[in-house]
Amino acid sequence: MKFVLLFGVLLVTLFSYSSAEMFDDFDQADEDELLSLIEKEEARKDCIPKHHECTNNKHGCCRGHLFKYKCQCTTVVTQSGEETERCFCGTPPHHKAAELVVGFGKKIFG
């Protein structure tokens, strides 16, 4: 009888320890996921929206529906005759075509 009782206590202790480890793993995974989401949200807040100037930060454009916007630059001649480069975040033509095809496919195939 003592052996069965001792074995039962040992079994309950091991089960308790393993379930505590499992819950710790779940908590750690939740914390990691939450930190990842917070980092993504901060990066999203720091990004440059579509049609806004990106002359000083050419890699900081936000994401669109499918693709990240690209910094597109043009040379502008000012009234004083100086040429300056002006850049804005936009969707390149090949990305627009891909989004059009995907949108069309979604309408057809539901």
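Glycine is treated like the rest: Cβ placed from N, Cα and C.
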Pick from CYS71, CYS73: which cysteine does Swiss-Prot list as forming a disulfide with CYS54?
-> CYS71
CYS73: disulphide-linked cysteine among CYS47, CYS87, CYS89 [source: Swiss-Prot] | CYS87
Any same-chain residues 6+ apart from CYS87 (disulfide bond) with CB under 8 Å of its CB? Would you list them in sequence order, or say none?
-> GLU53, CYS54, THR55, LYS58, CYS71, GLN72, CYS73, THR74
Other CB atoms within 10 A, centred on CYS61 (disulfide bond) = 23
Considering the disulfide-bonded residues CYS47, CYS54, CYS62, CYS71, CYS73, which residue's Cβ sits among the greatest number of other Cβ atoms within 10 Å?
-> CYS54
